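Undergrad: This is the structure, below, for whatever I ask next.
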């Protein structure tokens, strides 16, 4: 899920200057922290002081926090938020696939929407995905393709080292441009939706915190190096998607790799969203799939919905920004810190409480700024 945002990091540096480098590190630390406190909400201490996993999903955590108001209110809010974000992500992959195919074969008499339909056809087998193991294998291939893309771009950048100059970094910043950079950088790390399922499927859940530390550390190193080398290569000419800066022969190769990555990335949010929807319909019996026709109907309907929205929703990028500012910030910053404070208040130290409150305020400000910028963009388009 993080690959498309990563390709926008050099453009983010163009608008954030030196502060962008600090933001990449800060975002990694914050997202790693909220991932840990979210998983901590799955556990409670027993009489012997041992941690026992008493909740399984994000929904369970939300229900535990809102049980005094309504037993299912928190779960409904979280499920709706998750499904909206996952649907938008799936649609984005279809839109991106159509765009990449259109740019890779510019002389073909095929419209971008038709290319999206062609990409959709290759995703039809997703309706038969029933386990996370299949998704994990596809995600491994996706990661491999991602590293190929990064390697190609960085190799080309290193051949241009003779023209690098630190004077390309901006010292003065425009507030709106800076907000765009903040959004790109922060949401290149988001993965909280998948963490409860991931931790629950680990052979040794006790290694989760170590895994989270290592993955965010190496992601931070990779993203900083990639963004820095690409920006130093093109400076003020850096485009929104850095692959557009490459020479034509490399751009076509990388675009085809990006197409593979987009198609391989689709099954993860697709699987997560259909699991949530099916579990709501079947009232918790989703793991056994006792009703295969119902499961196929849910997956097939979801798949068709993403295609229709990709084809017929005008100005999808702006709507994606608006919904992402609400759902992304909520799932990544607002809800984990809020739930942690609610469930663990008596056991938290003063510094831990301050940390959670600070993350909540930061998430709220990021969300508010993103909403304002997105609405402004929509008003300009429809104005």
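Including glycine, each Cβ sits where the backbone N, Cα and C put it.
From TrEMBL, for reference:
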type	residues	note
DOMAIN	2-375	domain 'Amino acid transporter transmembrane'
TRANSMEM	20-43	transmembrane segment
TRANSMEM	76-95	transmembrane segment
TRANSMEM	115-132	transmembrane segment
TRANSMEM	144-166	transmembrane segment
TRANSMEM	178-198	transmembrane segment
TRANSMEM	210-232	transmembrane segment
TRANSMEM	252-273	transmembrane segment
TRANSMEM	294-312	transmembrane segment
TRANSMEM	318-339	transmembrane segment
TRANSMEM	359-379	transmembrane segment
Undergrad: Give the nonlocal contacts of the transmembrane segment (76-95) in its own chain as ranges (CB under 8 Å, at least six residues past its ends).
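TA: The answer is 1, 4, 58-59, 61-62, 66, 116, 119-120, 123, 193, 262-263, 265-266, 269-270, 272-273, 276-277, 280, 302, 305-307, 309-310, 313, 316-317, 319-320, 323-324, 326-328, 330-331, 335.
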Undergrad: Check the transmembrane segment (20-43) against each of 115-132, 210-232, 252-273, 294-312 and return whichever range has the most CB pairs under 8 Å.
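TA: The stretch with the most close Cβ contacts to the transmembrane segment (20-43) is 210-232.
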Undergrad: Which stretch from 115-132, 178-198, 210-232, 252-273 shares the most C-beta pairs under 8 Å with the transmembrane segment (294-312)?
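TA: Looking only at 115-132, 178-198, 210-232, 252-273, the most contacts with the transmembrane segment (294-312) come from 115-132.
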Undergrad: Based on Cβ pairs under 8 Å, which of the stretches 115-132, 178-198, 210-232 lies most in contact with the transmembrane segment (144-166)?
TA: 210-232
Undergrad: Report, as numbers and ranges, which residues of the same chain sit near the transmembrane segment (178-198): CB under 8 Å and 6 or more residues beyond its ends.
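TA: For the transmembrane segment (178-198), the far contacts come to 1-2, 5-6, 8-9, 11-13, 15-16, 19-20, 23-24, 27-28, 30-31, 34-35, 38-39, 42, 55-58, 61, 82, 85-86, 132, 216, 219, 223, 268, 272, 321, 324-325, 328, 331-332, 336, 366, 369-370, 373.
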